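Colleague: Dumping the structure here so I can ask a few things about it.
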Amino acid sequence: MDTGGRLIAGSHNRNEFVLINADENSRIKSVKELSGEICQICGDEIEITVDGESFVACNECAFPVCRPCYEYERREGNQACPQCKTRYKRIKGSPRVEGDEEEDDIDDLDNEFDYDASDPQRVAEAMLTSGMPVDSELDSSFPSSQIPLLTYGDEGSEISADHHALIVPPIMGHGNRVHPMPYTDPSVPLQPRPMAPKKDLAFYGYGSVAWKERMEDWKKRQNDKLQVVKHEGENGGNFNREELDDADLPMMDEGRQPLSRKLPIPSSKINPYRMIIILRLAILGLFFHYRLLHPVRDAYGLWLTSVICEIWFAVSWILDQFPKWYPIERETYLDRLSSRYEKEGKPSELASVDVFVSTVDPMKEPPLITANTVLSILAVDYPVDKVACYVSDDGAAMLTFEALSETTEFARKWVPFCKKFNIEPRAPEWYFSQKIDYLRNKVHPSFVRERRAIKREYEEFKVRINGLVATAQKVPEDGWTMQDGTPWPGNNVRDHPGMIQVFLGHSGVRDVEGKELPRLVYVSREKRPGFEHHKKAGAMNALIRVSAVLSNAPYLLNVDCDHYINNSKALREAMCFMMDPTSGKKVCYVQFPQRFDGIDRHDRYSNRNVVFFDINMKGLDGIQGPIYVGTGCVFRRQALYGFDAPVSKKPPGKTCNCLPKWCCCLCCSRKNKKKNQKEKKKKSKQRETSKQIHALENIEEAIAESNSQSSVTSQMKLEKKFGQSPVFVASTLLEDGGVPHNASPASLLSEAIQVISCGYEDKTEWGKEVGWIYGSVTEDILTGFKMHCHGWRSVYCIPKRPAFKGSAPINLSDRLHQVLRWALGSVEIFLSRHCPIWYGYGGGLKWLERFSYINSVVYPWTSIPLLVYCTLPAICLLTGKFIVPEISNYASLIFMALFISIAATGILEMQWGGVGIDDWWRNEQFWVIGGVSSHLFALFQGLLKVLAGVSTSFTVTSKAADDGEFSELYLFKWTSLLIPPTTLLIINIVGVVVGISDAINNGYDSWGPLFGRLFFALWVIIHLYPFLKGLLGKQDRMPTIILVWSILLASILTLMWVRINPFVSKDGPVLEVCGLNCDN
């Protein structure tokens, strides 16, 4: 669509359409690949093998036959070549048939390369496949005079020499060996011929109508059996070995080779892990048996409270542990993807991808970070005509608009530089800040010169962006105005029309080398008072619709504005799963792990979240796939539209031959019942035949009317589901994407404005069954959950080079607010109709996957027992009571076994997940910190919002600009979230001081019972230690640990001095007669 590069704004509801400041979509259609040879039986093209040569069925005459015909002839025909009548030999990878063993006399699976030197045929085959040099002695065994003319008695005058099946090139003499396959010299265009040119192939029994029907039926059965072989298929992607050994299964040739594979965790790691889980379950049973049968009489309330908390912790552990029962890893084959969909000299056949970038407030999400994310997308290693980047500005900020305009200009220089020198990452801010040798593996003589030039350009670009940010600090009284004097349509953030600006396109601005750039579109949806806009989920749904109108790629990638593409091949990694011919159709999204920059080495607040991304998500990938985490995810557009996953054909059931003998009677009885039912149905059909004949005329008359009514009804259903845009509704029916050819540019432009209007979603299923699901601030969990309920599966992809990297909140306050938002969303889902405890039964959600979703919405409720449990140690130390009675030897063994099993589970998880002990311990610490602060507040806020209607707002996590390495790590921001953990720290430290002082005062016998209470309290203090460091802030002169222990020891000594005052006796002062007469 040609708009002259100007901004388009408008409102469909108000019938406004303004061209203030989009090119015609053009999809390069793939050209059908032709191998150059046609099968002489069915007329199909002959495929190319993995070696790059045409498939040859007969090594005697090289009669051109395609692989399906070859397979059919071996299984259903006479197993011979139609021309030379030589029995077909089994080709490597072909299923075996009767007679192969007798002829081959040896199994090529075990002796694939062990050829007998005395057998010339085997030696020739070996040389053809391996490219080994030809021995002179072997050449003498192939004189051309001994090559027969394979014409089966038809040799005569009517068949000339150039019509023989075996063509001997004129350049070969008697001393040269002859390949048992057609000679393929491009300078000599010789074609293999049939037996006799004047005779039709049907003369030999092939090519007839009946034969072709049998061939089509055989091909259909082959394709059906291919559906059984699911590389990532059903039942958690597990293969059935019996199915793989089926001789009828189609071969995994180049066109059917999987683009990825699963790498199960080695049994030496996973089997002990599973055994420890079972053992831990048994120990938990013994533990609770002891705890329930041995109450503490003098502290019954403390005992009962502790047991309730421990039962809740056990249930939470089960929900978290068992979804990690089948952890897997994955490997992709980018070379296969490229060889299959990118042929040299032909347009790329890779699927198109629309990339979504969402931003709200440029003051909290700096435009420079957003610009780097956009630049990394535009420079991605993917065909430029297959990539479109849509930036959603939900704050309608002119600063974001102007920053994108500057980014467009800089992209003209940055994108060709990235692709020319193949640099990583392709976000300039992080590329130039790398502390590595940037000259490594660089051999281009102009690299240093061009790098210096582009770095200078980027520094000037940064200055311009900083100037825009400085100008935006003070808003003019009349609002912002554009360069032509037109008022900025988004001056009122809560009341403005929809805006679309196409900065880059297929026929728009080109780079400095004159090459095309990916499409870049700015989108700000319409906002009006009185409408619910649904925050980020509503913005993403608006992008789905506007992208469907403008480009309609079958796949979508969504990233946050601070998550840049760190691996330029990330889209190709995702396409290895989405475009896989055997398993891709059932994949709804490919989730990448989140990796972060700018985090201190110790990761004090567990920002990396390594345990979740490298352990929990791998476990879910072995079941039905990982949950959606909000960014770094490639979606299938059809899955976002709320369609069900394609139903795969189940493998054929077993017969009596493969069941025990005692099952035969059951099978026979079933057959008899079915036979009786068929006879009854047959009689009833005969009775109804006369009635049907009389009603036939009425049925024929109603057919036309019913067809018209059904088309109208289906159109109405689609409009009720997707909205009133005919262009968008038509795009939803295109599974492979693309824009309808009959749509004019003007209609596309009008539809794009309509689909982002604020009232478009009214009375539709948007946010309910279509797109990102509304009802929670964590729309990501809800959206992925709905897809899994529809029977889809997801995939977890961890490339060697992280696909995406982002910014994480560094200081304690921002981190707690981020966790608060996540927990609040989980509480909202728990209290909604979409709660996984009672929603989605009867669909495609697997039980272990449901456990994971239940755990993801239940974990905020753990904050109440966790807070209570962390308070118990201080109460026990202050009161002298304990939650456990006097421990016996049996109880000691149970407690020791429980602690050992907990430690063993963690160690084995770290082993197969590749997680370090530091990351694992930081995760445990922040689980306690977040549980007694953010999760607790989220629970109360969620209850107030759902039950009382009191809405709470969350703060967008600020993305720090580069103000110094870890500059915000020690920044202290007071918030109410800090009150509960601070209180826990104080009372437990005081409890430790009081307990030690009391033990010193009461003597040796009081130290034994004190150890259990002290261990309990120190467990809480150690887990809250990172919180204490964040609370105290940065200490320039004295390390935090010294300060803490100084305060602790000073308190102990002070109280000890008060309790053990040497100048005061326990029974009061002792008065002794000093011998002096004081009366005098």
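Numbers here mean position along the shown chain, with the first residue as 1.
Positions of Cβ are set from backbone N, Cα and C atoms, glycine also.
Feature list, courtesy of TrEMBL:
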DOMAIN    39-85  domain 'RING-type'
TRANSMEM  273-293  transmembrane segment
TRANSMEM  300-319  transmembrane segment
TRANSMEM  858-878  transmembrane segment
TRANSMEM  890-908  transmembrane segment
TRANSMEM  928-948  transmembrane segment
TRANSMEM  969-990  transmembrane segment
TRANSMEM  1010-1028  transmembrane segment
TRANSMEM  1040-1060  transmembrane segment
Colleague: By DSSP, what is the split of the domain 'RING-type' (39-85) into helix, strand and coil residues?
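Modeller: Helix, strand, coil within the domain 'RING-type' (39-85): 9 helix, 4 strand, 34 coil.
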Colleague: Are there residues at least 6 beyond the ends of the transmembrane segment (928-948) whose Cβ is under 8 Å from a Cβ of it, and what are they?
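Modeller: Same-chain residues near the transmembrane segment (928-948) but 6 or more away: 605, 816-817, 819-824, 826-828, 830-832, 859-864, 866-867, 870, 976-978, 980-981, 984, 1020, 1023-1024, 1026-1027.
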Colleague: So if I exclude everything within five residues of the ends of the transmembrane segment (858-878), which remaining residues of that chain have a CB under 8 angstroms from its CBs? That is, six or more out.
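Modeller: Hits for the transmembrane segment (858-878): 302, 305-306, 308-310, 312-313, 316, 319, 823-824, 826-827, 830, 928, 931-932, 935-936, 938-939, 942, 980, 984, 987-988, 990-992, 994-995, 1013-1014, 1016-1017, 1019-1020.
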Colleague: Restricting to the same chain and to residues at least six past its boundaries, which positions have a Cβ under 8 Å from a Cβ of the transmembrane segment (1010-1028)?
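Modeller: Here the qualifying positions are 604-605, 812, 870, 872-874, 876-877, 882, 884, 887, 922, 924-926, 928-929, 981, 984-985, 988-989, 991-992, 995-996, 998-999, 1040, 1044.
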Colleague: Apart from its near flanks, which chain residues at least 6 from the ends of the transmembrane segment (300-319) lie with a Cβ under 8 angstroms of it?
Modeller: 284, 288, 291-292, 851-852, 854-855, 858-859, 862, 865-866, 868-869, 872, 875-876, 881-884
Colleague: Restricting to the same chain and to residues at least six past its boundaries, which positions have a Cβ under 8 Å from a Cβ of the transmembrane segment (890-908)?
Modeller: 269, 272-273, 276-277, 279-280, 283-284, 286-287, 290, 294, 321, 884, 920
Colleague: Express the predicted model's confidence over the domain 'RING-type' (39-85) as a mean pLDDT, rounded to an integer.
Modeller: 79
